[in-house]
Amino acid sequence: MASQKKQLFKIIILGDSGVGKTSLMNQYVNARFTQQYRATVGADFMAKEVMIDDRMVTLQIWDTAGQERFQSLGGAFYRGADCCVLVYDITNPKSFDSLDSWRDEFLMQGQPKDPEHFPFVVLGNKLDKATERKVQESKSQQWCKSHGNIQFFEVSAKDATNIEQAFQDIAKAAASQEKDEEIFFPTTVTLTKQDPKKQTKQGGCC
């Protein structure tokens, strides 16, 4: 059997409504930000090619609705994910307090093969509003440390601060899972048609 590394990684972005999940994805994929807010209905995704360890892979980034009425749809979107990104708003303490429930929901509905070692990344968004900060960076770092040393970045979807670096680490975290999930393809089998003239007749009953 020959093995081939994965070329596509599924990234799930979770967090309360209004924390900027769609804006983060749009800034990373399209380098664009809009002030207009439109709540995501159900889920949506964008794709971007990125270089990881000298090879090109595609990140399929899923932006999911933060409203409770859509959370029952989570299982269908979460399964098969290679990394989960938890987002909160540094000016909104409630969105930070929700990180535990979002993490637990993903583990319950996404059912990753190895829950204890599944990669999460936490993003504290709206760093451009640092003067209105309500969640201290040290508090977020402590939360991440207590949940298995989760990677953490403070970012801004508006001015792109730390966006590229954060998603590069997200991509690497997703790729780290493929050691246990390599895709195997059988080696090529060549079929040779036998010349009928060279076939020997065999007696016997049907």
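The chain as shown is numbered from 1 upward.
The backbone N, Cα and C atoms fix where each Cβ goes, glycine too.
According to Swiss-Prot, the feature GTP binding site maps to 15-22, 34-40, 63-67, 125-128, 157-158, an assignment based on similarity to another entry. According to its DSSP assignment, G15 (GTP binding site) is coil.
Look at Swiss-Prot and you will find C205 (among others) tagged as S-geranylgeranyl cysteine.
What Swiss-Prot records for C206 (among others) is S-geranylgeranyl cysteine.
Summarising the annotation, Swiss-Prot assigns phosphoserine to S17 (among others) and lists experimental evidence as the type of evidence. Note on S17 (phosphoserine): other Cβ atoms within 10 Å of its Cβ, all shown chains, come to 14.
If you look up Swiss-Prot, you'll see S23 (among others) marked as phosphoserine.
What Swiss-Prot lists as phosphothreonine is T34 (among others), and the listing cites experimental evidence.
Per Swiss-Prot, the feature phosphothreonine maps to T40 (among others).
The phosphothreonine annotation in Swiss-Prot covers T64 (among others). In this structure, T64 (GTP binding site) is part of a beta strand by DSSP.
What Swiss-Prot lists as phosphoserine is S72 (among others), and the listing cites experimental evidence.
Under a cutoff of 8 A between CB atoms, and with a sequence separation of 6+ in the same chain, the neighbours of Y78 (phosphotyrosine) are I12, C84, F106, Q109, G110, Q111. Residues or ranges marked as phosphotyrosine in Swiss-Prot: Y78 (among others).
DSSP classifies Y88 (phosphotyrosine) as strand under the three-state reduction. Annotation comment: Swiss-Prot describes Y88 (among others) as phosphotyrosine.
Taken from Swiss-Prot, the feature motif 'Effector region' covers 37-45.
When secondary structure is read from DSSP and collapsed to three states, A157 (GTP binding site) falls in the coil class. Cβ neighbour count for N125 (GTP binding site) (all protein chains, 10 Å cutoff from its Cβ): 27. Note on proximity: among S17, S23, Y88, the modified residues of the record, the Cα nearest A157 (GTP binding site) is that of S23.
Between the C-alpha atoms of G15 (GTP binding site) and Y88 (phosphotyrosine), the distance comes to 6 Å.
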